[in-house]
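Participant: Pasting the relevant annotations from TrEMBL:
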type: DOMAIN; residues: 48-491; note: domain 'Major facilitator superfamily (MFS) profile'
type: TRANSMEM; residues: 45-63; note: transmembrane segment
type: TRANSMEM; residues: 83-100; note: transmembrane segment
type: TRANSMEM; residues: 112-131; note: transmembrane segment
type: TRANSMEM; residues: 137-155; note: transmembrane segment
type: TRANSMEM; residues: 175-195; note: transmembrane segment
type: TRANSMEM; residues: 201-220; note: transmembrane segment
type: TRANSMEM; residues: 232-251; note: transmembrane segment
type: TRANSMEM; residues: 257-279; note: transmembrane segment
type: TRANSMEM; residues: 330-350; note: transmembrane segment
type: TRANSMEM; residues: 371-394; note: transmembrane segment
type: TRANSMEM; residues: 430-448; note: transmembrane segment
type: TRANSMEM; residues: 468-489; note: transmembrane segment
Amino acid sequence: MQSNDDSDKLQSENITVQIPKINITVIQKQKKFKALSLMPGQAKFAYMMPLLFLSGITCFMDTQATNMALPYMQKDFDVSESLIQWTLTIYYLAQASLSIPIAKFGENIGQVYTLFGLFVISFLINIGLFFVKNFPAFLVLRFISGAVCGGQLVCRTSLVRKLAPPQKAQQYLQYLQILMSIMVIIVPLLAGVLIDIDWPWIYLVCALSAFLNILTVIPYTNPETPKEKAKFDIWGCVVLFCAIGFLDIAFTILSSYHYVGCGVFVVLSIIMFVVFVYIEKKAADPVLPLQLMKNPVVSYIIANVSYFYIGTGLGYLLPQTFMFYGHPASQTGMITTAAALVMLLVSLFLPKLSKKVLNKHIMVTSFSLNVITIICGIVFSSNVYAFIAIWLVFQTINTFFSQLVFPITLLSVPPQYTSQMSAVPTTSKTLTQGVAMCAVSMIMQVSYNSFKTQENDRNAWSNAIRMNMVVFLVFQVIGLILLIFRTGYAQNESTKKGFKQEKVRQLKIMNTGEENSLLLRENMIEK
């Protein structure tokens, strides 16, 4: 009996030893398959580059190449300028209204699973864009493409943050920005060549890039999802989409001289904006944090809107002007690449300048120089080479503003509100791009048709450009006035020359009983 007990005990001990060995072996195989270099908190940026680069190519090729191809699309689809620009407007609308819900969905199920699904949809949509010849069907696919690319951008950034080792998260995000800057240089050249062959080829390249993305995302380990699922204000997204969409439709209708219809949609847009504000104030997780929309944040947002309206407008006019004067799309790509190279050099120089010069002074100088640039555009709009020079100068100078406005806006609110505020500059940018496409194309179409009855084609075109330049000047002056009189310094600039504590302007949260009130810290020194 004793020997049997010992035998049982020995067998039990053997089982106890063997089971952990089997488990350890399985875990090691899983790590080897998934690769430690692609697991949350342990990832190496070099291993992430294929996914990041390919996803960037898909989305940036989509927008940049589509903008360059608009004149050729207009000819093939046989529609007006104000209609063809909807291929980008509807893209921006979908991106602005649906990227945040998709980001929240990604938080709930994990960014890797979300990106895999988005890449599959992107592949199918771009195949459809390559073959479709019907304009309404093309617009439907462009809407889906905008939502998918918007979701990709936000999920990609979140994934980088979660995969990076905690001490290297900021460094990895900086690497991501550098990678995107390199991509911005490559894409316009490739897009110009593809458009000269035949513009649908740009979507075939996007489809190929999306297919490769499907393969590159498979080895990634999905980050852990929170137990408490993220919520989002779906009704706020719908109402915001309607508000901006109605305004865009109003501009399009106005280009056909339907004044009553334009007025109706403007009124509908205003009503939707009022409803949006009402919904957002009561929402537990609003699309935009309206309670933070006070100075200096509002001034930065309006200046940002001004910058993107003008930048989008000039970007729309560049390929249109090139085609009008008979230049191939590849030349547009070369000019865009040249601008991207100069902007990259400015971005590398800016951190050194920003360490010594107050950010407000840099932004005010940038806007002041661009006021002069736009005035030159009004005077010399009849010369295509002068227009190219003005476009290059504007993009170069505004790099100083565009690189600073996002971090400055975030630093204008208390740290606990940074995550809420982070979506505001991006959303305002995307919505402005859609409105700018509609407004600029409408002004071009109406002005050109009006001047064409009295002058030759070239003079009519240059006068239509001039009308848009006048509108650009108004936007630029408004932004400049706000930057001068409604913004100040940030507290973290105290070591810079010329800093004055009494000129610090930022929002400060102060607890008052059961409520939180937002106060503007202006002309106050904390004791």
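Every residue, even glycine, has its Cβ placed from backbone N, Cα and C.
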Participant: Any chance the transmembrane segment (232-251) and the transmembrane segment (137-155) are in contact, meaning at least three CB pairs closer than 8 A with a sequence separation of 6+?
Facilitator: no
Participant: I need to check the long-range neighbours of the transmembrane segment (330-350): which residues 6 or more away from its ends have a CB within less than 8 Å of a CB in the stretch?
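Facilitator: Same-chain contacts beyond the flanks: 64, 68, 181-182, 184-186, 188-193, 195-196, 318-319, 322, 362, 388, 391-392, 395-396, 399-400, 403-404.
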Participant: With a Cβ cut-off under 8 Å, give me the same-chain residues at least six positions beyond the ends of the transmembrane segment (83-100) that come close to it.
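Facilitator: 62-63, 66-67, 70, 73-74, 77, 135, 138-139, 142-147, 149-151, 153-154, 232, 237-238, 240-241, 244-245, 248, 252, 287, 316, 423, 426-427, 430-431, 433-434, 437-438, 440-441.
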Participant: What stretch in 201-220, 371-394, 430-448 has the biggest tally of Cβ pairs under 8 Å against the transmembrane segment (112-131)?
Facilitator: 201-220
Participant: Same chain, outside the transmembrane segment (371-394) by at least 6, Cβ under 8 Å from its Cβ: which residues?
Facilitator: 310-311, 314, 317-318, 321-322, 325, 327, 335, 338-339, 342, 458-459, 462-463, 465-466, 469-470, 472-473, 476-477, 480
Participant: So which of 45-63, 137-155, 175-195 has the most C-beta pairs under 8 Å when paired with the transmembrane segment (201-220)?
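Facilitator: Between the stretches 45-63, 137-155, 175-195, 45-63 has the largest tally.
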Participant: What residues elsewhere in the chain lie close to the transmembrane segment (45-63), defined as a C-beta under 8 angstroms and at least 6 residues from its ends?
Facilitator: 35, 37-38, 88, 91, 115, 119, 122, 126, 145, 149, 152-153, 156, 160, 163-164, 172, 175-176, 179-180, 183-184, 187, 190-191, 202-203, 205-206, 209-210, 212-213, 216-217, 220
